[in-house]
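Database features (Swiss-Prot):
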BINDING   G8, P9, T10, A11, V12, G13, K14, T15  ATP binding site
BINDING   T10, A11, V12, G13, K14, T15  substrate binding site
REGION    33-36  region 'Interaction with substrate tRNA'
SITE      T99  site 'Interaction with substrate tRNA'
Amino acid sequence: MKYTIISGPTAVGKTDLIIEISTKIGAQIISLDSRQIYKLMDIGTAKPTKEEQQKVKHHLIDHIYPDEYYNAFYFRQDALKLRKQLTKKGIIPLFVGGTGLYIDALVKGFFEGAPKDENIRKHLNKLEKKEPGTLRTMLQKYDPEYALKIHPSDMKRTIRALEVFFKTGKKISELQSQTKISNKYKIIVLTRNRQELYERINTRVEKMIKAGLIDEVEKLLELYPKDINAFQTIGYKELIHYFENKYDLKTAIHLIKRNTRHFARRQLIWLRRYKNAIWINLSEISRRETIEKIEKIINEV
């Protein structure tokens, strides 16, 4: 059996399409969104509404609290467990979302790399103990791409990446990128013409503000410190800076729109790496044709 991943840039219009398709075929959704995973962060992450979630069961949405640590490795474990449970019940799991690291975790897994070297590990631990932050700086120097992927305080993965580098002379990010994509998955990428996508992003940000995003951020700041990883999410970090009087509300909204457009562009660049992905331009075909095309791909053996 082949499983279907449906991805695309933020604001492309995945949610309502997938709700309709899932309702028709009796599927359940496993989210591929690293921000919708947080509880209490609803408006700024564009979570499916309660009504939409009642129509179709969603998994890995509202999964953890904003101050809890989670990464792509944990996601893969949770997603594979859910996939197995749903398949066993005869339910089609649809993987839906635009977080590239989660898609990679699902279709590639994780590079195991060179065997452990206790001498290197002891030396690295000694360096970190002597001067905290040293290993993070080393990783940023030797493998900046991987440093961006992991949490700054994830010492286990930092040490592993440096260990692989010193053992093999190769970056763990490069070795991971060479990992073959599993043939168990079909990837569909939804896209739109650039100007239309950017207009949709701008409109959605305006709707988020009207829906109460400012109040949502204010309430979250009463519960959690401003520097947690979850608050690096676009829409939250800009409004936190607004509350700190770094700029006015008009500037904050402008930055949310701009940063979201930049994010959408990065998502599209990432998705182009999947050479066998099937691209569907929603600007060029009707909704009915889109639904029929996606259903056909899902049903193909």
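Glycine residues also receive a Cβ, built from the backbone N, Cα and C atoms like all the rest.
The structure, with features from Swiss-Prot marked on it.
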residue	record	DSSP class
G8	ATP binding site	coil
G13	ATP binding site	coil
T99	site 'Interaction with substrate tRNA'	coil
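Fewest Cβ neighbours within 10 Å among the binding-site residues G8, P9, G13: this applies to G13. Here the region 'Interaction with substrate tRNA' (33-36) has, by DSSP, the following mix of helix, strand and coil residues: 0 helix, 0 strand, 4 coil. On the 0 to 100 pLDDT scale, the model's mean across the region 'Interaction with substrate tRNA' (33-36) is 97. Close to the recorded ATP site, the chain also has G98, L190, R200: residues not among G8, P9, T10, A11, V12, G13, K14, T15 whose Cβ is within 8 Å of the site's Cβ mean position. T99 (site 'Interaction with substrate tRNA') and G8 (ATP binding site) are 9 Å apart (CA-CA, integer value). Within its own chain, T10 (ATP binding site) has A46, G98, I201, T260, F263, A264, Q267 as residues 6 or more apart in sequence whose C-beta sits under 8 angstroms from its own. Apart from the site residues T10, A11, V12, G13, K14, T15, the chain places the Cβ of G8, P9, A46, G98, L190, R200 no farther than 8 Å from the centroid of the site's Cβ atoms, the recorded substrate location. In this structure the C-alpha atoms belonging to K14 (ATP binding site) and T99 (site 'Interaction with substrate tRNA') are separated by 13 Å.
Residue pair P9 (ATP binding site) / T99 (site 'Interaction with substrate tRNA') shows a Cα separation of 9 Å. A sphere of 10 angstroms centred on the C-beta of V12 (ATP binding site) encloses 25 other C-beta atoms. Distance between Cα atoms for G13 (ATP binding site) and T99 (site 'Interaction with substrate tRNA'): 15 Å, as a whole number. Here T99 (site 'Interaction with substrate tRNA') is positioned 13 angstrom away from A11 (ATP binding site), judged by their C-alpha atoms.
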